[in-house]
């Protein structure tokens with residue numbers, strides 16, 4: 001055993017003995033086992049593709065339902081664009097409502113809604129991967145479509161609640177208490193929104209209480225990202241725009257969506273690790289811990305595609321430290 005491995009073994013023993021460190025490493029390890037970075041990239045791709053149809057749909061619906069109150073229309077649209085600091089102004093100037101007859105607007109809106117469901121489908125796939133649901137137990141097309149529509153509806157209700165909270169705070173005279181109250185309201189709203197979305201996306205056999213830990217992390221974290229996102233995005237855009245010009249704005253938007261996607265996947269991993277007690281995990285293998293074996297078995301069973309197919313895994317008593325390469 002060389003000095004580097006000896007040091008890593010010492011760190012490994014320490015994190016396995018301490019619950020906090022072991023749990024945190026268990027979440028990071030599970031994220032890697034599930035290829036969380038690729039899941040976040042998939043969510044980012046479909047999120048970027050769905051962004052403009054959703055904004056166009058929102059603008060169209062607001063234009064017809066609130067045609068007599070342009071102030072409220074603007075407030076609701078600004079609440080939606082507040083999730084995209086710095087870039088939101090550019091998005092606002094490039095999104096306009098649909099025009100034409102009522103039939104054309106309805107058909108166009110339905111087309112936009114269907115085109116924007118890719119993000120919901122990607123999120124459902126990510127949650128199924130995180131919870132290692134076997135393919136045979138995953139919902140079919142129509143149930144997935146229903147969940148996708150429900151998710152978009154919940155996000156719309158969250159937008160209304162956010163706009164209402166913003167209006168209440170704006171109507172009160174400014175002060176430290178109002179600022180703190182608005183921040184607390186944002187944390188509670190974002191946490192509740194995460195909980196509602198996770199309930200839609202997560203398999204039904206998982207109870208509500210098992211979804212709370214990740215939401216208690218994701219809600220405040222997303223609020224902090226909204227508060228300091230302007231600084232982060234402006235820094236990213238300054239360098240990207242200098243190199244890529246106008247395309248730098250697209251890169252900044254992708255980067256921001258990817259941050260939110262990673263936060264969402266990590267929050268889901270927190271729920272899984274807490275529910276199944278998937279810690280401590282081993283930093284160096286062998287040996288495997290009980291949690292290591294449990295995760296590897298779940299990943300193997302995840303490949304079941306038919307009711308008559310059963311995937312089992314077996315572990316040998318001892319593994320080589322340096323397995324021989326087979327040609």
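Cβ atoms are placed via backbone N, Cα and C, with glycine included.
Curation plays no part in TrEMBL annotations; they are all automatic predictions.
As recorded in TrEMBL:
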{"type": "COMPBIAS", "residues": "302-311", "note": "compositional bias 'Basic and acidic residues'"}
{"type": "COMPBIAS", "residues": "317-327", "note": "compositional bias 'Basic residues'"}
{"type": "REGION", "residues": "302-327", "note": "region 'Disordered'"}
{"type": "TRANSMEM", "residues": "39-66", "note": "transmembrane segment"}
{"type": "TRANSMEM", "residues": "102-128", "note": "transmembrane segment"}
{"type": "TRANSMEM", "residues": "149-172", "note": "transmembrane segment"}
{"type": "TRANSMEM", "residues": "178-198", "note": "transmembrane segment"}
{"type": "TRANSMEM", "residues": "210-233", "note": "transmembrane segment"}
By a Cβ-Cβ criterion of under 8 Å, what residues six or more beyond either terminus of the transmembrane segment (210-233) are in contact with it? 82-87, 183, 186-188, 190-195, 198-199, 202, 252, 255-256, 259-260, 263-264, 266-271, 274-275
Run through the compositional bias 'Basic and acidic residues' (302-311) and tell me, per DSSP, how many residues are helix, strand and coil. 0 helix, 0 strand, 10 coil
